[in-house]
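Undergrad: This is the structure I have questions about; it appears just below.
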Amino acid sequence: MENLTLTKHPFRTLHFFNLAMLQYLKRSAAYILSKRALFVLLTVMVVIPGVALLVTDGLHKKHVQEFLNYARFVLWWVSLGVASSIGLGSGLHTFVLYLGPHIALFTIKAVQCGRVDLKTAPYDTILLKQAPSWLDKKCSEFGSPMYPSSDHSVMIPVFDLLPQVQLEAVLWGIGTALGELPPYFISRAARLSGSELEAVKELDVAPSSEDGPIASTVNRTKRWLLSHSQHLNFFTILILASVPNPLFDLAGIMCGQFGIPFWEFFFATLIGKAIIKTHIQLETKS
């Protein structure tokens, strides 16, 4: 199962993904049917008014559209963060593909125009099949530069650029934290059932002489983490989540296997990835 990836075995990976989704939908349907009264109440209170707001015309129309724009913006960046963590078995890193280029493009445009107020709204970013409105505009459309230029270049302080790309970066970071939950829950379920995950069992196997230097280093790091599992707590999880760490999946597995409380693991991961690590990447990219 370790080599089961979307790039190596696309059909088998999608097959197991569809089976897992089908099982999840069945469980969700069974839960909804067991809570019929609650489901009907939620439908009456939320769905029906929501549909009515969408299909009727009036002064509320622009507010509904604004809400939908924000909802799509939030869903897009959080989903990219989740995809960056789980990768659907392909190792997809959406910071390199989406968030990083977005920050770079905004920074270049801001330096060219000498202004940071380029967005028409916070959701004016790269979205699915949609480019931001500021990308193709001429600098003259934004007005005269707000920052003085020297030697034909404009110096914009990082702390002026940061708020303009901070929201999408934090949302992306929240998504990466959410994407780290499946290994934790799988490991926790294995512990509660009295079994041990293969990923933990493999750490007890003696290193092979056929392993290359990179594989040997990774395996030694994994064994070191396992041997120091007694030190797993909020602060150690926070440190592991706050730095670029390809082995954080193992930390999630170990937290689930050794009974670290969910909220302790999740909040440490959330703060580390969505706030600390994200802002380190932001300042580096800007």
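Placement of Cβ uses the backbone N, Cα and C atoms for every residue, glycine included.
In TrEMBL, annotation is done automatically, which means it is predicted and not curated.
Pulled from TrEMBL, these are the listed features:
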type     : residues : note
TRANSMEM : 37-55    : transmembrane segment
TRANSMEM : 75-99    : transmembrane segment
TRANSMEM : 232-254  : transmembrane segment
TRANSMEM : 260-276  : transmembrane segment
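Help me see these features in their spatial surroundings.
TA: For the transmembrane segment (37-55), the list of distant contacts is 64: same-chain residues at least six beyond its ends, Cβ to Cβ under 8 Å.
Panel annotation: around the transmembrane segment (260-276), residues 170, 173-174, 176-177, 180-181, 184, 188, 232-235, 237-242, 252 of the same chain, lying at least six beyond its termini, place a Cβ under 8 Å from a Cβ of the stretch.
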